[in-house]
Amino acid sequence: MTYPATTGEFSGAPGPDPHHERSAVIDLDAIRHNVRRLAAAASPAKVMAVVKADAYGHGAVPVARAAIEAGASWLGVAHISEALALRAAGIDAPLLAWLHTVDSNFGAAVAAGVDIGCSGWELDRIVAAAREQERPARVHLKVDTGLGRNGATLDTWDQLVGEAMDYQDQGLLRVVGIFSHLAVADEPDRPETDQQLAAFREALAVAEDAGVDPEVRHLANTPATLSRPDTHFDLVRAGLGIYGLSPFEGQTSAELGLRPAMTFRTRVSQCKEVPDGQGVSYGLRYHTTGRSTLALIPVGYADGIPRIATGGPVRVAGHTYPVVGRIAMDQMVIDLGDTGPAGAALLGAEAVLFGSGDDGGPTADDWARAAGTINYEIVTRISPRVPRRFINEQDTSGGRHAAALQTGGAA
Ligand SMILES: *Cc1c(COP(=O)(O)O)cnc(C)c1O
């Protein structure tokens, strides 16, 4: 599918192209910019670009490629199946998958050179897969330093490390990494991050005593990358930040030097004048308060917009209007007010739910507030009915070194 370059932003002439109906436009230049910003913050630690959940809804393969171009040296996903999809697309960067079930295909991971996170029970299955594939598995041992999800408890840690080292001595695996995950790094004032950091150091000491010599020790997510250099170790695992979103309540993307990469846009699909008191959408929870023009926006919860987010902003022709009435499966309504006949002219106008936020336009943060959730969820839940369109696929920065110099002094 081809598009009229990237000029005129998203306002190409309406046509039969389904991307014109609704699309999530992913700016790969923004992804590269954000990776460089995070790499500068993390340096000398390296960056793992976390591209799980289809790159938080942005499209895993193009994002992974752009992230690597911009200097990410690792990729991270939750599931082995996600890692295999990246390998199938020809991406051969170091790649870690950390969340498994008893049905996960460890054999395929070993065969594809995918690094496997291991919290305990997986170890025997990983070793069985390595025997079957006649190839040592690459393993990152995970310790639970306080989050209470996966990872070995500190009580079982030395046993896990000991067993892994026995297998390493037998040539069945290599302990490539030691890692853990933070619980409250998005709230920098809380004390638990210090406690988790201390527990991680303790776990590292246990591992070193047992002879582990990992290539990478990693703990930090996006908020810790930006606010806690003492958590960086050898590698940071950054997800949200590479999409240009802020993990901190009360700090915007722009304040962090990040550029939101996803613009969710569509076109006004109907405009009509209605009388005072017109009810709007299921349940008739909203009524106009005077003659008004209602504009129909053809996206709804089937496209991933939370039904609860009434009041969320939609930008049309330079103005931002709140959604009125209930959000339905396929559509929502904005009230343009008493525009007279001018309102009718907005049929087909671009309607932006969220984007870069430049020029005061709406953001994923605004929708997160409207829905009582976080920006992570807003972008990640945009559904497959919404075509992804990638812009700025070519990296024109002149390469990594130049880019690092340009962004080295970023705030
Ligand atoms: C999702 C995830 C990350 C990325 O977190 P962000 O806050 O998006 O940077 C890092 N590590 C693990 C284990 C994760 O599950």
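Positions of Cβ are set from backbone N, Cα and C atoms, glycine also.
For LYS52, TYR282, the entry in TrEMBL reads active site, proton acceptor. Residues annotated as substrate binding site in TrEMBL: ARG149, MET329. The domain 'Alanine racemase C-terminal' annotation in TrEMBL covers 261-391. The N6-(pyridoxal phosphate)lysine feature in TrEMBL is assigned to LYS52. TrEMBL lists 1-21, 392-411 with the feature region 'Disordered'.
Location within the structure of each feature annotated in TrEMBL.
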residue : record                       : DSSP (3 states)
LYS52   : active site, proton acceptor : helix
ARG149  : substrate binding site       : coil
TYR282  : active site, proton acceptor : helix
MET329  : substrate binding site       : coil
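If you draw a 10 Å sphere around the CB of MET329 (substrate binding site), it holds 11 other CB atoms from the protein chains shown. Between the C-alpha atoms of LYS52 (active site, proton acceptor) and ARG149 (substrate binding site), the distance comes to 17 Å. Between the candidate recorded positions, LYS52, ARG149, the densest Cβ environment within 10 Å is the one around LYS52. Between the alpha carbons (Cα) of ARG149 (substrate binding site) and TYR282 (active site, proton acceptor) lies a span of roughly 40 Å.
Here the Cα atom of MET329 (substrate binding site) is found 11 Å from that of TYR282 (active site, proton acceptor).
Sequence-distant neighbours of TYR282 (active site, proton acceptor) (same chain, 6+ residues apart, CB-CB distance under 8 A): GLY325, ARG326, ALA328.
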